[in-house]
Amino acid sequence: VTFPLDLTKTRLQVQGEAAVHRSGAATGQAVPYRGMLRTAAGIVQEEGFRKLWQGATPAVYRHIVYSGVRMVAYEHLRDSVLGRSEDKSFPFWKSVVGGMSAGAIGQFFASPTDLVKVQMQMEGKRKLEGKPLRFRGVHHAFMKILSEGGIRGLWAGWVPNVQRAALVNMGDLTTYDSVKHFLLLNTPLVDNSVTHSVASCCSGLVAAVLGTPADVVKTRIMNQPRDAQGRGLLYKSSTDCLIQTVQGEGFMSLYKGFIPTWMRMAPWSLVFWLTYEQIRRICGASSF
């Protein structure tokens, strides 16, 4: 449901990329996108309605790995490694450490699928700019990246990807866990869908605020052209990308795509947490 917002966000994040113009890589026709609605409308008009879901298949693969690993890792860290307090509450600092660690672990394993997703999301833009398409499908994308860069090529951009996931999960898991248990301990609310909804809305906003800058850096590094050895031609590292972006486009360029990110994070977080809590209840497990 929220994938078109993810695609729009990715397109916005590489819009006006200063490093591309400095390197002389900006060839072909410039695409005049300026803002979320015009970007989404342009995709529909110039590429077709179905292209709003281009890259959805590797996105599903990514969430199977990412969400599965991060949820198991967080709960294990919370209950077995870091440990709860005597009153069964989970201290905030432990929740931060657990959320960041779980997100980083989950994203590391899911990074190849994220790489394919980002590059497939940019295929329509490449076609409009007169550049050749890189992939025929998901399987071809995996095989081409593997043949050109080896196993390491599948993990291109994993450092900013892991950094982003750590920040997003600090916002998502930590906020949800903390807000939910704060409400249960300090308000008349009980452990039901209303409490889950309030906590998930808070977690979506915080995750978007914390994660967008790292998401911009991740998208640009994953989408940049590479040489025969798989090294990036525009950025040497995530730090270099961050510095070039701020120097060339200003600090607020780190929040390109924030609106669609937030608009996606909020309903995604709501649907995920409500569904997750109900699945736990149906399976006989305790509430998260």
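Indices start at 1 and increase along the chain as displayed.
Placement of Cβ uses the backbone N, Cα and C atoms for every residue, glycine included.
As annotated by TrEMBL, repeat 'Solcar' applies to 1-80, 90-182, 191-282.
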The repeat 'Solcar' (1-80), counted residue by residue under DSSP: helix, strand, coil:
59 helix, 0 strand, 21 coil
As a test of reading the model: what is the averaged pLDDT for the repeat 'Solcar' (1-80)?
81
